[in-house]
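Q: The structure that follows is given in the form of structure tokens.
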Amino acid sequence: MFILKRIVSAGGVMVPQCIPLPVRNFSACHCLSSPKRRSPYSVEDSERYSSLVKSVISNRVSAQTPESLQAEDEHIYGRIVKAQTPSTRPEMREPRSLHPFLHSEKTLETEEPESGPPARIVLERGQGRSSVPSVTRILQQTLSPEQIFYLERWKRKMIAELGEDGFKEYCQNLFRQGHCFHSAVEDILTSGEKWKNEHPSETKEYPPEIQGYMESISHILEDVSAVRATESTVQHNTLNYLGIVDCVARYRGVLCVIDWKTSEKPKPFLSNTYDNPIQVAAYAGALNSDYNYKYQVENGLIVVAYKDGSPAHAHQLKSELMLEYWKTWLLRLEVFTEQRSSHASSAFSEKR
């Protein structure tokens, strides 16, 4: 029961009167006074959202386009500042001394007569070459921290699987296979014979460990002609380095420095070959400055042969790309020279 009081007049006197009223489902909580909660939206600037609200309530089906949505977003949140799209290739740092890739005193003869046996200049360290570093050594000693990390991780993984002695034997087998493979390729290129004759009985047999590699490059050898050099030493006297080039020949009519590589895993992209393009550019630059060779080479080719006999991948390096890798080689050479000077200074200080 709820009693309602009212004031009535009786003979000029104000008398309060109580009237009982029935109450159903009355909740006491409604009698409790509590501070009114403020909506978080009440503090927002309604003027700012007015256009957006009107467009929403005026249309049952939105007729907005991506462009209008972007305009509204810019009105509410401000203009979008887009970050620059990262380049797919890291910014190339220019070497301090940009030594020319081609030799100015040697002519670039694209149709030079190619007769006689391929050149094969054997490396002899005793002829003033004992202090001349090789391309392989320079690249190994100037690896990036990331390259060193992955190389060490692979080495630890192999040692964990094979043990110290097993890993040494694995490396020796790889070196032996590589040497045998290069020798077999050299025999084919210098003799002028084809990989497979019409009569299978006349096909030359190769050791089982390289049979798959030779099968892998069979289709590449069909496009190689006019061999100019095999396993031949090249030296850059101005930049003071040397190397042994695998092959100089025409691949599909284009004169190239060819590098033969072996792999157990597929390497379908040039990026999978790591520092090999830099190595090819270094060999070509040395050959172009070496007077033992009367010609110059602008292009390169990296052939990756597979142990299972699957078709090898041939990665061509056109002249423009060779120039890019030549700059990278000059940078690596600068780093190597600085390291060498630093070590020499440290050794001299220790002796004093």
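Cβ atoms here come from the backbone N, Cα and C positions, even for glycine.
Below are the features listed in TrEMBL for this protein:
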DOMAIN    210-306  domain 'PD-(D/E)XK endonuclease-like'
ACT_SITE  D246  active site
ACT_SITE  D259  active site
ACT_SITE  K261  active site
Q: Could you pull the average pLDDT for the domain 'PD-(D/E)XK endonuclease-like' (210-306)?
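A: 95, rounded to a whole number.
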Q: Tell me, how many other CB atoms lie within 10 A of the CB of D259 (active site), whichever protein chain they belong to?
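A: That number is 21.
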Q: Can you tell which of D246, K261 has the least company, meaning the fewest other C-beta atoms within 10 angstroms of its C-beta, among these active-site residues?
A: K261
